[in-house]
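Here's the structure, in structure tokens; my notes come after.
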Amino acid sequence: MPSVIFGLLALAIGLLGLTAWWWSVTEFLRGAVPVALIIFGLVALAAGVQSVRVPPAGKRANSDPNIDG
């Protein structure tokens, strides 16, 4: 029960602060969103590059001899 009360109190104070300092919040978001997009883009690029990489020479993609094909 105390966690519910604390959560509601924190939510109320957060909403009050959001409305009181709205322009500061938008200023922060204007700076944080491009940085977050760059970071997420780099992570997506790294994941894509890893999935496209060619296996080293001498190793086949399907090394199971029981696969017909």
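Just so it is clear, glycine is given a Cβ too, placed from its N, Cα and C backbone atoms.
As annotated by Swiss-Prot, transmembrane segment applies to 3-23 (among others). Not one residue of the same chain 6+ positions outside the transmembrane segment (3-23) places its C-beta atom under 8 angstroms from a C-beta of that stretch.
Beyond its flanks by at least six residues, the topological domain 'Lumenal' (24-31) meets 18 of its own chain at Cβ-Cβ distances under 8 Å. The topological domain 'Lumenal' annotation in Swiss-Prot covers 24-31, and the record cites a curator's inference as its basis.
Under the heading transmembrane segment, Swiss-Prot lists 32-52 (among others), citing sequence analysis as support.
The topological domain 'Cytoplasmic' annotation in Swiss-Prot covers 53-69 and rests on a curator's inference.
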